[in-house]
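What follows is a set of notes on a single structure, which appears directly below.
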Amino acid sequence: MSGVRGLSRLLSARRLALAKAWPTVLQTGARGFHFTVDGNKRASAKVSDSISAQYPVVDHEFDAVVVGAGGAGLRAAFGLSEAGFNTACVTKLFPTRSHTVAAQGGINAALGNMEEDNWRWHFYDTVKGSDWLGDQDAIHYMTEQAPAAVVELENYGMPFSRTEDGKIYQRAFGGQSLKFGKGGQAHRCCCVADRTGHSLLHTLYGRSLRYDTSYFVEYFALDLLMENGECRGVIALCIEDGSIHRIRAKNTVVATGGYGRTYFSCTSAHTSTGDGTAMITRAGLPCQDLEFVQFHPTGIYGAGCLITEGCRGEGGILINSQGERFMERYAPVAKDLASRDVVSRSMTLEIREGRGCGPEKDHVYLQLHHLPPEQLATRLPGISETAMIFAGVDVTKEPIPVLPTVHYNMGGIPTNYKGQVLRHVNGQDQIVPGLYACGEAACASVHGANRLGANSLLDLVVFGRACALSIEESCRPGDKVPPIKPNAGEESVMNLDKLRFADGSIRTSELRLSMQKSMQNHAAVFRVGSVLQEGCGKISKLYGDLKHLKTFDRGMVWNTDLVETLELQNLMLCALQTIYGAEARKESRGAHAREDYKVRIDEYDYSKPIQGQQKKPFEEHWRKHTLSYVDVSTGKVTLEYRPVIDKTLNEADCATVPPAIRSY
């Protein structure tokens, strides 16, 4: 770490001069601005003023660049470095501050440590959980790879909770079954107490230090560098010293996480601002299925902090003001461990019908105090602490007040199961050369219309690794990096300059709050056409208000006002596509529940035998992916659709799961 400390001293010594005469600081020739976490090397970099004399740009060249250093980004980055690729990792946060750290419940894999299990049963549950909007080839790949992925993490040193005989402990989780839904509740969720994400992220970070990856830490990625339909790297802002960097690479992996902060109440970190999703949009590429936003059933009432599904997996129950275990009415078999969309809607209905708890009757209770205190202390130690801090509740004596809270984005950047980003042209999927995506930023689509709990950490490691393997298959370390135009990234720098000196009438924080409240009010657990239409108008107006922003910090050193404004631009693009996609989808499927279109509209009516039915044309049913585009200059949203992939990778080994009516 001596290299990190040395660079910190260097930057601190120059900070005052940089603030006073920033444009001249970079004009002294070649120098390295970034660092490797282990301090072993500096990549060569050259300064040029080809874009602007006011904003000189530092140019770098790598075999591959990964944007984001959460679970997916780290796994992709060190997978590439391990294969010999000269790899950069650009992240606006230090890696262990990424939002992966907040995941609590666990990671699904059919290890069979608690009872007989099979990855094909996991495959079935995931397809069913997706409400048949998931692509079955990608789900096949993820669930088959899951056991090996968990064993790999164990070999990296991840300290999984253990059974008495030393095996990885696996808890029950929502939507998980045995024998294709006919064998009862599965115990498939591998965990580290209730801090699995924290453990996973630190394990991957520790592993990454073995490899010679160049980390650009606290660098904000502004845009992709696109040339002739190919991705050739990214342009980024160094938050610490205000320098601009073009990182040219033959392969670019986007792993920037979700965009939960489009909503007022969410479990996401304040840094979950959809940066990669917005970069894809500005590049003229589509995003997929952004209308599918998961509400986690158990966010702490009034605070929004996550209470893991593992609480219910360990035996916790949801109760209403009458003391009823109400999930028995809505999901007679799975009860409190039905899929998240089912539980969130059931809770909302209980509150609507007057059975909510508290003085306002606007939440329900999660009861844990019937469980043995030693079980709570061993399996749910973090939850006990969180409940006391944010709700003032001793979980051994009283229930936790909870309410559905925005938690996860099923949609994102469309990819295939290899992590390659797709565009849809003339009815056919086409790969975008040089561009990959993984993690919550991507939409493979393994989650479809609703993600099963504990499939997200699995998604990170499986598809982060898949991106590295795909690049290894198609490229060699040291391959020539395609050139970029001398002024590549010029628009990004112009936008940054415009925001830096924005002198309108609306603060960034005010506009962000208006957007978040509009999304919360108009695109929540239950949706209706008239409210969605009103929401579309409001978000479009707010998008137009971006040109009236006012920023206050004109400097370039740690200008968080500027960074938050750049993040707001990204959030707005995500919000537009989310609410317009939701308004257009005239059905209820998974997390998208329309009160004016209460049924799922498939190519057949699967509540009846399909023999004798005429298949609906593609234009008349909704079992299809939404592709959304935004004209960045006007905010106009354009929607297209692409078919769901029903075929698995090997039908003889893993049969397709045909659509059916979903019940738990």
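Positions of Cβ are set from backbone N, Cα and C atoms, glycine also.
The transit peptide feature in Swiss-Prot is assigned to 1-42.
Annotation note: SER98 (FAD binding site) sits in a coil segment as assigned by DSSP. Cβ neighbours within 10 Å of SER98 (FAD binding site), excluding its own Cβ and spanning all shown chains: 29. Taken from Swiss-Prot, the feature FAD binding site covers ALA69, ALA72, THR91, LYS92, SER98, THR100, GLY105, ALA221, ASP275, GLU440, SER456, LEU457, and the record attributes it to similarity to another entry.
Neighbour density for HIS99 (tele-8alpha-FAD histidine): within 10 A of its CB lie 22 other CB atoms from the protein chains shown. According to Swiss-Prot, the tele-8alpha-FAD histidine annotation covers HIS99, on the basis of similarity to another entry.
The N6-acetyllysine feature in Swiss-Prot is assigned to LYS179 (among others). Within its own chain, LYS179 (N6-acetyllysine) has TRP121 as residues 6 or more apart in sequence whose C-beta sits under 8 angstroms from its own.
In sequence order, GLY260, CYS266, THR267, SER268, GLN294, PHE295, HIS296, GLY299, LEU306, ARG340 make up the list of same-chain residues 6 or more apart from HIS407 (oxaloacetate binding site) whose Cβ falls under 8 Å from its Cβ. According to DSSP, HIS407 (oxaloacetate binding site) sits within a strand segment. Residues annotated as oxaloacetate binding site in Swiss-Prot: HIS296, ARG340, HIS407, ARG451, ALA454.
Taken from Swiss-Prot, the feature N6-acetyllysine applies to LYS335 (among others), supported by similarity to another entry. Under 8 Å, Cβ to Cβ, and six or more positions away along its own chain, LYS335 (N6-acetyllysine) finds ILE317, ARG325, MET327, GLU328.
What Swiss-Prot lists as N6-succinyllysine is LYS335 (among others), and the listing cites similarity to another entry.
According to Swiss-Prot, the active site, proton acceptor annotation covers ARG340, on the basis of similarity to another entry. Taking the Cβ of ARG340 (oxaloacetate binding site) as centre and 10 Å as the limit, one finds 25 other Cβ atoms among all the protein chains shown.
Residues or ranges marked as N6-acetyllysine by Swiss-Prot: LYS480 (among others). According to DSSP, LYS480 (N6-acetyllysine) sits in a coil region rather than a helix or strand.
Note: LYS538 (N6-succinyllysine) has non-local neighbours SER518, HIS522, i.e. same-chain residues 6+ apart with C-beta under 8 A of its own C-beta. According to Swiss-Prot, the feature N6-succinyllysine maps to LYS538 (among others).
DSSP assigns LYS541 (N6-acetyllysine) to a helix. According to Swiss-Prot, the N6-acetyllysine annotation covers LYS541 (among others), on the basis of similarity to another entry.
Swiss-Prot lists LYS547 (among others) with the feature N6-acetyllysine. A simple way to gauge crowding: the CB of LYS547 (N6-acetyllysine) has 10 other CB atoms within 10 angstroms, across all the protein chains here. LYS547 (N6-acetyllysine) falls within a helical segment according to DSSP.
DSSP assigns LYS598 (N6-acetyllysine) to coil in the three-state reduction, outside any helix or strand. Among the features that Swiss-Prot reports, N6-acetyllysine is placed at LYS598 (among others), with the record citing similarity to another entry.
Sequence annotations record features per position, and here Swiss-Prot assigns N6-acetyllysine to LYS624 (among others). For LYS624 (N6-acetyllysine), the Cβ neighbour count at a 10 Å cut-off comes to 18, with all displayed protein chains included.
A sphere of 10 angstroms centred on the C-beta of LYS636 (N6-acetyllysine) encloses 13 other C-beta atoms. According to Swiss-Prot, the N6-acetyllysine annotation covers LYS636 (among others).
Residues annotated as N6-acetyllysine in Swiss-Prot: LYS647 (among others). Counting Cβ atoms from all protein chains shown, LYS647 (N6-acetyllysine) has 11 others lying within 10 Å of its own Cβ. In the three-state DSSP reading, LYS647 (N6-acetyllysine) counts as coil.
If you compare Cα positions, LYS541 (N6-acetyllysine) sits closest to ASP275 out of the recorded positions ASP275, ALA454, LYS598.
If you take the CA of ALA454 (oxaloacetate binding site) and look 10 A around it, the recorded positions you hit from ALA69, GLY105, LYS480 are GLY105. Here the recorded positions are HIS296, ARG451, LYS480, LYS541, LYS598, and the one whose Cβ sees the fewest other Cβ atoms within 10 Å is LYS480. Nearest neighbour of LYS647 (N6-acetyllysine) by Cα distance, taken over the recorded positions ALA69, GLY105, ASP275, LYS624: LYS624. Here LYS547 (N6-acetyllysine) is positioned 27 angstrom away from THR91 (FAD binding site), judged by their C-alpha atoms.
Sequence-distant neighbours of ALA69 (FAD binding site) (same chain, six or more apart, CB under 8 Å from its CB) are ALA77, CYS89, THR91, LEU93, PHE94, PRO95, SER98, TYR205, TYR215, VAL217, ALA255, listed in sequence order.
Annotation note: ALA454 (oxaloacetate binding site) sits in a coil segment as assigned by DSSP.
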